[in-house]
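The following features are taken from TrEMBL:
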- 27-45: transmembrane segment (TRANSMEM)
- 65-93: transmembrane segment (TRANSMEM)
- 105-132: transmembrane segment (TRANSMEM)
- 152-183: transmembrane segment (TRANSMEM)
- 156-254: domain 'Nucleoside transporter/FeoB GTPase Gate' (DOMAIN)
- 230-250: transmembrane segment (TRANSMEM)
- 256-276: transmembrane segment (TRANSMEM)
- 336-357: transmembrane segment (TRANSMEM)
- 410-434: transmembrane segment (TRANSMEM)
- 446-467: transmembrane segment (TRANSMEM)
Amino acid sequence: MYNDSCYLILIHFGGPFMGTKVNVKNTLLFVLPSLIGIVLFMTPFTVVEEGETSVKLPVALAADWLMALLTVDTIILITVIAMVISALLSIVFSVKKRGNEINTLWEGVFATTPGWIVIRVVGAILGVMVYFQIGPQFLISGDTGQVLLNDLLPFLFTIFLFAGMLLPLLLNFGLMEFVGSLLKNLMRPLFRLPGRASIDCIASWIGDGTVGVMLSNQQYESGKYTQREAAIVASAFSVVSITFSIYILSQLGISHLFWQFFFTLFVAGFLAAIITPRIPPLSRKKDTYIDGSPGKREPKVKGVWKHGFYEAISRAETSAKSGDNAKNGFKNVLDLWFGVLPVVMTIGTLAAAVATYTPLFEWLAVPFIPVLEWMNVPQAAEASKTILVGFADMLLPTVLAEPFGITNEFTLFVIGTLSVSQLIYMSETGGVLIASKIPVSFFDCVLLFLVRTIITLPIIVLMAHLLL
């Protein structure tokens, strides 16, 4: 007879887990937070807003609610203030640090290298310029700085708040360990990833690209992913949300092709996720953890369900005892607000300015004209102009399709699907990725964008020929 009434069953695991007691309290600590995390980050709901039907995740609905409560204008002002604070305190704490160990929460958020200080300062300056509409038009126009400050950053500000605080529900209470045990024999040979990455990949695909990068970054910082694994998940699976995809199809006038689009995106993304980890730049990333220790492979075990369940409740118990979830969530939010927002503002604005006010991307796309013609893509010359411009912002190919005179449905389908499958665009996912602790540089992002374009373009065109 057990004195602790919380013991319900006694499971005998093989090997080192022989005789392990399964505690009802610990089981609930695993199940309940994990279920809440699944609902928040992986369960899309259909909502009707102003007569229009859309599909959103609860965490995105919470972000929308906060924007409506505070108003977008207020959040824009708060965002500008946050970027200015980031610039000033980054200088102060970085000078104060001077090679000493980081031992406070605020030093961990603001102390950084000279290069990142410059980027944060530039982001703050651009934010002030756009907010007060002062400075060169190519930086503050509705096609460049305003897109970042008025449209993207308010959403990121609110989504960072909820995602930063609530991601521990998905990460810290055993779900990653449980699913990882079940899927490790699938994830490792296909994508060169541990089984636990499956949750990250699913959340990235169903949810939002920035959430996927945040998940990967937290797993990397906590020593769960190696450099290579974190870079693979963040760059190969962080697709834009279903809602945003629907918006793109609507803007292109091909909403009736949604299922063809989604199936094509899945096939192209799946094949790209298999190929890209095996070639540079991802294949050259170190297979070491953030502390420098070498990567480990999950041991082969019998009874993956029992093993996964044991790992899950052990993780949940450890997480609950540490009591650091709220503190870590708060630090996550601060890192995202003060570290990521200025980077997205800087890189996104400059990339959009180059794409909008220079012919650089059109020049670079000239070699694609004969390729598109060989693939029998109608309006190949016009379509080629949209292929690389998405590196600056994923919406640019969609926005420029009409000015470029692209009217063919087949070509519009290829443009829309390719713009989503390229993934790495500087105004959001790329900027967030560069600002994270994951060792992915701007040059890596350029290479990844080109590699994904080369891999997915022929797949998308082939699927279009088969489905349309």
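Glycine too: its Cβ is placed from the backbone N, Cα and C atoms.
If you look at the transmembrane segment (65-93) against the transmembrane segment (336-357), you find at least three C-beta pairs under 8 angstroms, all six or more positions apart, and that counts as contact. Note: the domain 'Nucleoside transporter/FeoB GTPase Gate' (156-254) comprises 77 helix, 0 strand, 22 coil (DSSP; helix = H, G, I, strand = E, B). Scored by C-beta pairs under 8 angstroms, the transmembrane segment (336-357) has its highest count with 105-132, from the stretches 105-132, 152-183, 256-276, 446-467. Same-chain residues lying 6+ beyond the ends of the transmembrane segment (256-276) with a Cβ under 8 Å from its Cβ atoms: 190-191, 201, 205, 232, 235-237, 239, 245-246, 249, 282, 409, 413, 416-417, 420-421, 448, 451-452, 455-456, 459-460, 463-464, 467-468. Within its own chain, the transmembrane segment (105-132) is flanked in space by residues 76-77, 79-80, 83-84, 86-87, 89-94, 96-97, 139-140, 145-146, 148-150, 331, 334-335, 338-339, 341-347, 349, which lie at least six positions past its ends and keep a Cβ under 8 Å from the stretch.
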